[in-house]
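Participant: Encoded as structure tokens, here's the structure I'll be asking about.
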Amino acid sequence: MKKGQTIEGTIEQVKFPNKGILKTEDTTVIVKNALLGQTVKAVINKKRKGKCEARLMEVVAASPLETREARCVHFGPCGGCMYQTFSYEEQLKLKSSQVKELLDEVCEEYEFLGIKGSPEEWEYRNKMEFSFGDEYKDGPLALGLHKKGSMYDIVNAEGCQLVDEDYSKILKCVLDYFTQKGTSFYHKITHQGYLRHLLVRRAVKTGEMLISIITSGQEEVELQELVENLLTLSYNGRIVGILHITNDSVADVVKSDKTEILFGQDYFYEEILGLKFKISTFSFFQTNTKGAEVLYSQAREFIGDTKDKLIFDLYSGTGTIAQVLAPVAKKVIGVEIIEEAVEAAKENAALNHLDNCEFIAGDVLKVIDEIEEKPDLIVLDPPRDGIHPKALEKIIDFGVDKMVYISCKPTSLARDLIRLQERGYRVEKVCCVDMFPETTHVETVVLLSHKKPDGHINVKVEFGEGEGKVPLDNIAKRAESYKPKERVTYKMIKEYIEAKYGFKVHTAYIAEVKRDLGLPMYDAPNAVEELKQPRKHPTAEKVEAIKDALKHFEVI
Ligand SMILES: C[S@@+](CC[C@H](N)C(=O)[O-])C[C@H]1O[C@@H](n2cnc3c(N)ncnc32)[C@H](O)[C@@H]1O
């Protein structure tokens, strides 16, 4: 297979997050953004270490799993909601099998509890960040989301189905205003122009809305008239604040060099599990409020008994998890890097009459060295890239019996779980929560426990020659035979086979061979029925390689 070659075939599997797997006679090709079951044409654009990647060119035939029409008019050009032609039930199956397959690669035996769906399939988001730009070079002003695969082209997002119709009204009003005025937008290449982003946050429970218009400081544009236009519209919710944020940084991120309140206040309130939260423009807050209730309830269930326990809530954002746990714990200490979020967390705790929460601003990596108290339980909810390796070592050093790890990126979670297991933690239970219907994203909650010895017995031993004594020269040999065997993971078996035979074997094949040999095993990963594909069996060559590996590791 050569670069530039066109291939055609059916996507047999999708690996997290959106890597379609197409198998030709001799190669496995990754086709990004292709959906399970679609027949596609793709062009090979990368070839590295025996792996091929191809760019999706055309969907030749829809997937049999695409059983409904896309609800959003922007489906296709907008890359945001790839799964909307699948029923919600199918989306859930797909996401849970992707996570399970990833974790099966790195965890031995654990209980997989499947996936919990979002209470709302549509209009669930409480925050949307829109960009100003144009739909094509020198096209009219556009305001919305990035075109699939483009850093520069913008798709107008009016009518986006992930948000309440209030967003569309705001979007149209803002776009009309600046179009009429002929205001320039900020070009990411030349760094020239004025309009950058529109950030809308709308609390699902309270309906309060905070609108931020983010511009460069390169022009002076009259905004008060726009504020009046926005305030005269009728909404399902209620605008509580309109802000003008100036951002002159060259990076394409929403941040503030200066914030001016054009109307109302610079925060809004949202509710979760009966608690109230004050949220400011840049504070992290889960984007699916009702989904967050499911997520936090799952985390709370995994944590179990918290009475008289000191809990660390690391990467605490506005302190939501800490406050959900505080009513039934001795104390919760939250650590969060964004100071504004920490201030909000403190205010929120006071608002919720919780006096056993403490929030510390700073990097987890440094702050945990400075906390004098030692935790009984730890909750981890890091950003997408997971936990900094050095911070993870320090977290493990606390030696707590139980941890709950909440992750929004299964691949970084899998990496961190490898280290946690190497250091004595065991993955007990895993449950996915779908916070992002229609998209490829998914949250995962993991319960980890630390296995400690059940007890100790004292044995008196005399070394030397003679009856009842242990001969010294035999000790090393005996110690060797009593040494507990290394836990043999699927990953070890795969690595052994790849190194010795030069080919890869799927986890499901190893599971199948183990099952045939009558060995204990957990569920065949990524239950093939779920993918609605005929079950495949390993070739005789692969079976022999797997048996050889099992012998090598003294499993058989
Ligand atoms: C996925 S969010 C979780 C927030 C919170 N647990 C919640 O559910 O709302 C991750 C949080 O980690 C914070 N963060 C990122 N890097 C950090 C670090 N090195 N130390 C402390 N907090 C960090 C982010 O600002 C963000 O608020």
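Backbone N, Cα and C atoms are what each Cβ position is placed from, and that goes for glycine too.
For reference, TrEMBL lists these features for the protein:
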- Cys408: active site, nucleophile (ACT_SITE)
- Cys408: active site (ACT_SITE)
- Gln286, Tyr315, Glu336, Asp381: S-adenosyl-L-methionine binding site (BINDING)
- 1-58: domain 'TRAM' (DOMAIN)
Participant: Just name the winner among Glu336, Asp381 (the binding-site residues) by count of other CB atoms within 10 A of its CB.
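Facilitator: Counting every other Cβ within 10 Å of each candidate, the maximum falls on Glu336.
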Participant: With DSSP assignments reduced to helix, strand and coil, which class does Glu336 (S-adenosyl-L-methionine binding site) get?
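Facilitator: Glu336 (S-adenosyl-L-methionine binding site) sits in a strand per DSSP.
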Participant: Summarise the domain 'TRAM' (1-58) by DSSP state, stating how many residues are helix, strand and coil.
Facilitator: 0 helix, 38 strand, 20 coil
Participant: Relative to the Cβ of the residue listed as 'active site, nucleophile', which residues of the same chain, six or more apart in sequence, are found under 8 Å away?
Facilitator: Pro383, Arg384, Met435, His441, Val442, Glu443
Participant: Ranking the binding-site residues Gln286, Tyr315 by other Cβ atoms within 10 Å, which is at the bottom?
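Facilitator: Output over binding-site residues Gln286, Tyr315: least Cβ neighbours within 10 Å is Tyr315.
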Participant: Report the mean pLDDT of the predicted model across the domain 'TRAM' (1-58), rounded to a whole number.
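Facilitator: PLDDT averaged over the stretch: 91.
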Participant: Beyond the listed site residues Gln286, Tyr315, Glu336, Asp381, identify every same-chain residue whose Cβ lies within 8 Å of the center of their Cβ atoms for the S-adenosyl-L-methionine site.
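Facilitator: Checked against the 8 Å cutoff, the neighbours are Phe284, Asp313, Ser316, Gly317, Thr320, Ile321, Pro382, Pro383, Ile406.
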Participant: On the Cα atoms of Gln286, Tyr315, Glu336, Asp381, which are listed as binding S-adenosyl-L-methionine, what is the maximum pairwise distance in Å?
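Facilitator: With Gln286, Tyr315, Glu336, Asp381 as the binding residues for S-adenosyl-L-methionine, the largest Cα distance is 15 Å.
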